[in-house]
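Sequence annotations record features per position, and here TrEMBL assigns active site, proton donor/acceptor to 383. For 190, 191, 192, 221, 264, 269, 294, 295, 296, 410, 411, 412, the entry in TrEMBL reads UDP-alpha-D-glucuronate binding site. The annotation Mn(2+) binding site is assigned in TrEMBL to 296. Feature annotation from TrEMBL assigns compositional bias 'Basic and acidic residues' to 134-153. Annotation comment: TrEMBL describes 402 as N-linked glycosylation site. Look at TrEMBL and you will find 133-153 tagged as region 'Disordered'. Feature annotation from TrEMBL assigns site 'Interaction with galactose moiety of substrate glycoprotein' to 327, 420.
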């Protein structure tokens, strides 16, 4: 097909009915000027694909519209008549035919733009967007220009280093900054060598790292400080003191089996009390609280904030002790401790677990005779042997919503069964667990 004299030859094919049979007819339009178009119709049955030629550019696969549905036209053409051999008097219009492709184009654009719109919306609501816009807060342009002669990769590395530093500080900015106004909590933890010792101390350290103004007094039941505990304490970043004292052999029975009348940790707690009295003068004005926390318990962070305001001795419930869901002080309507909610020997002077009380540091310093008794004390009376030297029942300060909230659990880690290690050991003993 080629251009005609003074215009462009346009061909289009439209499906319709010719006589009694279905077929296609083809018309040739000569466009002489924009305002006048002279059609010359050559009806014929055609099985060829639809073809539209404009200015020598050929388009195939053009829309075929049934004649008996509605007129069909090409934009810019005047009214066209069907060939005389075709049935019906319908008029052909140029406008509706190109409107349908336009509708398809609009639909395609909508289908393309809609997913991107949703993606941008979700991106702005995500946590990534604030990180990418942090440069705007300090007034700097995040798309800074690289100076002439500088390697752009160096700037990329610099930005990445900044991100890494921020992330590192977020993880390791523990413990919180020291405050001159908060009383110090001295946490006394006896510990001894066993397969789960490092795991227990690690878990406890991860809790203490969130407590401001905390001093961790770790006392090992060993003839010397072990490298494992020393490394662990050093790596935590906590403010700590590492002590050791071995329980005398005459307090032991066969091997590691200990005299049940000598609770484990008694000598270690007493050493911590002695260290406090030797470190702080008796009339010290240093505000502080002493808490005896075993390494196998579980502690809520709220507990430490509760005990920080202890004036003399504060008390609270402890879960999973004495064969009960919890043991607790009995508090009357006036907020005073009047007894104990326990089954095991409820008539003890202070029927409370070691994890259920804290003592003001000044009281520890002033009552230098107060220690945990090592001999002549029945089981379950260790706490009473210390507290009776410090306060009376009426002096106790109930915490944790008048002793109605559980903030500490006397959990125990199951002893691992290492039967496959054998006598010589299957795994490398140099690997620290």
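Even glycines carry a Cβ here, placed using N, Cα and C.
Structure with TrEMBL features highlighted.
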{"residue": "190", "record": "UDP-alpha-D-glucuronate binding site", "Cβ contacts under 8 Å, 6 or more apart": "219, 220, 221, 264, 265, 268, 269, 294, 295"}
{"residue": "192", "record": "UDP-alpha-D-glucuronate binding site", "Cβ contacts under 8 Å, 6 or more apart": "220, 221, 222, 264"}
{"residue": "296", "record": "UDP-alpha-D-glucuronate binding site", "Cβ contacts under 8 Å, 6 or more apart": "200, 411, 412, 413"}
{"residue": "327", "record": "site 'Interaction with galactose moiety of substrate glycoprotein'", "Cβ contacts under 8 Å, 6 or more apart": "317, 318, 321, 340, 341, 342, 351, 352, 353, 356"}
{"residue": "383", "record": "active site, proton donor/acceptor", "Cβ contacts under 8 Å, 6 or more apart": "350, 352, 353, 354, 356, 357"}
{"residue": "402", "record": "N-linked glycosylation site", "Cβ contacts under 8 Å, 6 or more apart": "331, 335"}
{"residue": "420", "record": "site 'Interaction with galactose moiety of substrate glycoprotein'", "Cβ contacts under 8 Å, 6 or more apart": "426"}
(message) Radius 10 Å, atoms counted are CB only; among the binding-site residues 264, 294, 411, which position scores highest?
(response) 294
(request) State, in Å as a whole number, the widest CA to CA span among the UDP-alpha-D-glucuronate-binding residues 190, 191, 192, 221, 264, 269, 294, 295, 296, 410, 411, 412 given in the record. (result) 21
(request) According to DSSP, folded down to helix, strand and coil, what is residue 420 (site 'Interaction with galactose moiety of substrate glycoprotein')? (result) helix
(request) Using DSSP reduced to three states, classify residue 383 (active site, proton donor/acceptor) as helix, strand or coil. (result) helix
